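Database features, via TrEMBL:
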DOMAIN    40-154  domain 'Response regulatory'
MOD_RES   D89  4-aspartylphosphate
DNA_BIND  162-260  DNA-binding region
DOMAIN    162-260  domain 'OmpR/PhoB-type'
Amino acid sequence: MRDKISAKKILTRILTPSAIICYNEEKTQFLWERWKTKMRLLVVEDEHSLREDIARKLRLSGYEVDACADGEAALEALAAERYDLVLLDLNLPKVDGMQVLRTLRRHDLETCVLILSARSEIADKVEGLDAGANDYLSKPFHLAELEARVRSLTRRKFIQQDVCLCCGRLSFNTRSRVAAVDGQTLALTRKESGVLEYLLLHQGRPVSQEELIEHVWDGSVDSFSNSIRVHISALRKKLRAALGYDPIRNRIGEGYEIGGEVQ
């Protein structure tokens, strides 16, 4: 009788090595939470209480948020700073929100724009989306729905970005799977790259051999196998040659931990 095959095993057989790691939900969520705190959002809303409520909600969610009350201030902010997402009301004093959007799109096609407007007719939504908005939310709305739409737009941008894990002069690009020291690429095997990535993801605490078996070896070796120690030894030699020291430390009874140079 054939053994039952888990979904994770099926994915392992179908996907390329780099794609397999993308299906590690824990890693993706970890990177997302870290990356989200670096995102800058601009709230453009003339109604004071609503503007404050939106900004407060998004800050509590971990975003860095600026806010302004009119279209002129919005254009000044957009000229001075680079934002990942703009939440834009249309009925603004001084400069209309649609004009703000069109001005932004003449110079910037990357910044996401979520329109927030009491204009709820289909024609208004079509006009806003055709002018370059990424999404359109009609007023009144629940803050929970607003937050979900913001999360959707920012996660979409996150997926398109290269995320770099760093430890001193050592860096690892999670998209390209390339490790480098001072910008010079290291020649690592797939398993060595997987070990390095997992250690960098969990800087500040020891990583046990059992964790590495589960997340890097996909549970395909047992804890008595010498495979993990062989790969870690090879990785340490390469890091030591490039850095001039070994950033991986043995924590007796706990596992391996990566950190900066030990004086």
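The first residue you see is number 1, and the count goes up from there.
From the backbone N, Cα and C atoms, a Cβ is placed for every residue, glycine too.
With a 10 A radius on its CB, D89 (4-aspartylphosphate) counts 26 other CB atoms from all the protein chains. Break the DNA-binding region (162-260) down by DSSP state and the numbers are 36 helix, 23 strand, 40 coil. Model confidence over the domain 'Response regulatory' (40-154) is summarised by a mean pLDDT of 95.
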